[in-house]
Amino acid sequence: MPELPEVETVRKGLEKRLKNFYIDNVEVLSERSIASNGGSNVFIFNLKDLVFGRWSRRGKYLIASLCKESDLIEEIPSGTLVVHLRMTGYFEWHQNTKAPCTHTRVRFWNKKGSEIRFIDIRNFGQMWWIPPNKLPSEVINGLKNLGPEPFSKDFNPEYLKYCLKGRKRSIKSSLLDQSILAGVGNIYADESLFEAGITPIKASGDLNGCELKKLCKSLTRILKASIGKGGTTFSDFRDLEGLNGTYGGYAWVYRRNQKPCRKCGTLIEKTKVAGRSTHWCPNCQN
C-alpha cells in the first residue's frame, strides 16, 4: 500500500497538474470506487462544473478543495474530494484522451479534453465527495481517528512515550497503528527502526528515552529521504507522469532478505511481526 511518501508524491503531482482544472465531465467505471453516499450518480452530479483548488494530504488520504469557477479567487468552498489509494490505486495524466485501460475506475476531463485518470488494479481504492457544510473527518472514520503527522510539532518523543507507556505489543505493530502516527506503513516502519537501532519485536512500552528520540528522528529523516526520491515502487505505485519511485534502491533493510547489511555486512533477516513481513539486521538492531 502506498505510504506517506508515495501519497505525498502523488499530492505534489496533482497540485501541479490540476491547478484550476475545471471538471467538465466525470465518468465512473467502477461503482465500488465511490464510497460517499448516493454512489456514482450523486458523485458525478456534485463534482461536474467545479474546479480543483488546493491538494493536501492527511496520513494516506489525498484531499482536494473544490469551488465554483466564479469563486476561485476568494476560494469559497463548494465541497471536498477525498481519495484513498489503498493497495494499488494511482493517477495518470493524459494531455489527449485515449481509450482507458482495463483497470481504469474513474475519469475526469477538463474543457480542453485533457484527462486525469484513476487506475486501480485490485479495485480497493475509494473516493468521497464531501459537501461544503461537512468536514472530511465528520464523514470518513479513518480520517477522524488518525494520529498526528510525523512532520508536525505534535509528534515528538514525549508524545510517543505517552502513547506507548505500558504497551506490550511490538514497536513495529505500534508504528503501523494509524491512530498513533498517520501515514507510516510496513516499508518505513522497518527502515526507521533499523536507522534507530531498535529491534522490531521489542515491546513498545520498553523503549527508553534515548530510543524514543532516535526513533522520532529516524522516522522524519527516512520519510523525507523517500519523498525526495519520489517514494518506493515495488509493484504498482507510480507518480502522475508514470515514473516509479526510486527509494527502494537505497533501502536499508526492506525487501533485502539475506542480503548483507549496508552498515555491518550481517545478512538481513525476514520474519513476521503483527502478521506483516518484517526486515531487520540482527546485529545493528540487537
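Keep in mind that glycine also has a Cβ here, set from the backbone N, Cα and C atoms.
Because the structure is a prediction, the values reported are computed rather than measured.
Taken verbatim from Swiss-Prot:
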{"type": "ACT_SITE", "residues": "Pro2", "note": "active site, schiff-base intermediate with DNA"}
{"type": "ACT_SITE", "residues": "Glu3", "note": "active site, proton donor"}
{"type": "ACT_SITE", "residues": "Lys60", "note": "active site, proton donor"}
{"type": "ACT_SITE", "residues": "Arg276", "note": "active site, proton donor"}
{"type": "BINDING", "residues": "His103, Arg122, Arg167", "note": "DNA binding site"}
{"type": "ZN_FING", "residues": "252-286", "note": "zinc finger"}
Candidate recorded positions Pro2, Lys60, His103, Arg122, Arg167, pick with smallest Cα gap to Arg276 (active site, proton donor): Pro2
Within the zinc finger (252-286), residues counted as helix, strand or coil by DSSP: 0 helix, 12 strand, 23 coil
Whole-number mean of pLDDT values that fall within the zinc finger (252-286): 97
When distances run from the Cα of His103 (DNA binding site) to each of the active-site residues Pro2, Glu3, Lys60, the nearest one: Pro2
Secondary structure at Lys60 (active site, proton donor), reduced by DSSP to three states: coil
C-beta crowding around Arg167 (DNA binding site), within 10 angstroms: 17
Listed recorded positions among Lys60, Arg122, Arg167 whose Cα sits within 10 Å of Pro2 (active site, schiff-base intermediate with DNA): Lys60
